[in-house]
Amino acid sequence: ATYKVKLVTPDGPVEFDCPDDVYILDQAEEEGHELPYSCRAGSCSSCAGKVKAGTVDQSDGNFLDDDQMADGFVLTCVAYPQSDVTIETHKEEDLTG
């Protein structure tokens, strides 16, 4: 399946279609959108965002704890869309506080 992904970035919102077997970060780059990242392996917080609507599968990541994921935080480098989803990007500072 393919879902609509909306990213709310500091430069404004962007929308694109993302297959459910492609990481959101990878698809964003394919579409020409530059997002923050570092390890690309779900092991740091550089790419962190916050899910505002919809659901993702980020089971490949290991940096976020259950409470952080329950709060909506997502690592875009290891997140597959599970529905149409809206994510606020550039949330590393909110996460690490």
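Every residue, even glycine, has its Cβ placed from backbone N, Cα and C.
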Listed by Swiss-Prot with CYS39, CYS44, CYS47 as binding [2Fe-2S] cluster, from among CYS18, CYS77, is CYS77
Excluding CYS39, CYS44, CYS47, CYS77 themselves, the [2Fe-2S] cluster site's Cβ centre has within 8 Å the residues TYR37, SER38, ARG40, ALA41, GLY42, SER43, SER45, SER46, PHE63, LEU75, VAL78
Across every protein chain in view, the count of C-beta atoms other than its own within 10 A of the C-beta of CYS47 ([2Fe-2S] cluster binding site) is 28
Top of the binding-site residues CYS39, CYS44, CYS77 by count of other CB atoms within 10 A is CYS77
